[in-house]
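Undergrad: My structure is below; once you've seen it, I'll send some questions.
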């Protein structure tokens, strides 16, 4: 492995396609500009420009492939690339946390995989520590080599039970595999609330005979019948199609979702067309979040995410990793307790004080004040009907208030809050990087405060928030965080600790 | 900043409305007075109040910050979570012999905006001496 290795030629094509994707808008813009009559050189310029851009990206892809080499040498993964400026990235193997392996359609056609190297912490190391396309066998060799190298290092450091660890690592059995029915349910309930609402709307419009709409809106009746009915139908249809597509996409992405549990790692495999394999070291987990969107909450299902330090996560913009896409909540809690024995997944939280309800309701009403005001103004006097939307807003605020809560168990903080989904986050004290208690002057009048706990997530941070707990409770969380040892924390008359 | 911009947008909108509807001139004067007051508040009064309320404390185990006029924020940063400390000095701060301190944890960055530069340097030394990042916690 110490000779410089090249990527598979397909890598050039993949780089080209990836860069082309970023160029779609400028190229389309230029092509559109270049349409119409051509009377000379200048009229061809936009088209030529588009052509040059595409050509440039193509050449860049090929050059990158030509110059890109990687090798394992002296306990480091050495990656070198670049034409004019030669870039070298040497990653010490003990700094490599895990290899993420994924394969797209093109990869699969040629038996290739993409390998992303996850390092600990490094904020500046992003996509470049990525082997765009190598043979599956090579990836396996790489994986084995890194494993052995790491083992050798740790053995020379501490001559301990490395064999034992090795054995255990092979034993990683499938911990959880999602069923097709669960995935279907997941796809159907993701963001499906709009569809349900419009379905209800369409359903209600069938009751024209029963409910005297015409009496309610005398003059506006024909407007209601014609315009709104047609628009509602079109919107409903569009949403339905979008929903269908999203179900299909979700199924493709999460098909065959399996979670394996090793001694030190969690391994996730998923995807039908584009297969992904993620490895999460358990000791890098910063926090665990159970989220239930309203529909799933009614059905008793939830999904579970992890916040992990240093890894990029499955989405570009978030560092969370889903470890259970759709599970019955009861089962999720049981599995979590088995996966993370350090945590306590108790459901009994300290609720917010009753005086906080008006803050949530008021806030929700404030959000809709402007749109409702505008609607009333434009559709005067029938627009007054829009005032009913305040009821919905108030209901939303109240539901948020009911959902929120907090709890401290030993060295663990649990915070629950809702925007749309109900999110329960579990963090250990030593994973909280800083804690903030915030009090606005309105909150001060009501003796309330908000608590923000910052944890590391990926290469950045994430705040876990709960708004409008009583000021005393906020102080209690603050003091709990301040104290060096959790034994000093007196849980008062709260029910006992989690571990029984 | 955003709040101030919003207020100015409202003021300008009101001004245009007054001109269009040709309401009496004194309404414009009231509007102007409101604008002057706004500038006064944002430029003079609020910064002074903010400065008056800014508190920081560096203890052996933790750093504590408290700030804000209408929104009071109280932040606790344990020493073992501090990853590094920077001091910064722009041209304006240099003129007055001040410096800003940036305390970074694995997830957040906390600013202490204007401290005497000697004190800032001293504090940086103290914090980096006290900060012992526990590797396993990131």
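Keep in mind that glycine also has a Cβ here, set from the backbone N, Cα and C atoms.
Features from TrEMBL:
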DOMAIN    A:65-146  domain 'YdbS-like PH'
DOMAIN    A:262-333  domain 'YdbS-like PH'
DOMAIN    A:402-481  domain 'YdbS-like PH'
TRANSMEM  A:12-32  transmembrane segment
TRANSMEM  A:44-63  transmembrane segment
TRANSMEM  A:183-207  transmembrane segment
TRANSMEM  A:227-252  transmembrane segment
TRANSMEM  A:360-380  transmembrane segment
Undergrad: From the DSSP assignment alone, can you count helix, strand and coil residues within the domain 'YdbS-like PH' (A:402-481)?
TA: 22 helix, 50 strand, 8 coil
Undergrad: What same-chain residues lie close to the transmembrane segment (A:44-63): Cβ under 8 Å, and 6 or more beyond its ends?
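TA: Residues 12-16, 19-20, 23, 26-27, 30-31, 33-34, 38, 83.
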Undergrad: How many of the residues that make up the domain 'YdbS-like PH' (A:262-333) does DSSP mark as helix, as strand and as coil?
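TA: So the counts come to 14 helix, 39 strand, 19 coil.
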Undergrad: Count up the helix, strand and coil residues in the domain 'YdbS-like PH' (A:65-146) according to DSSP, in that order.
TA: 22 helix, 39 strand, 21 coil
Undergrad: Please compute the mean pLDDT of the model over the domain 'YdbS-like PH' (A:262-333).
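TA: A mean pLDDT of 83 is what the predicted model shows over the domain 'YdbS-like PH' (A:262-333).
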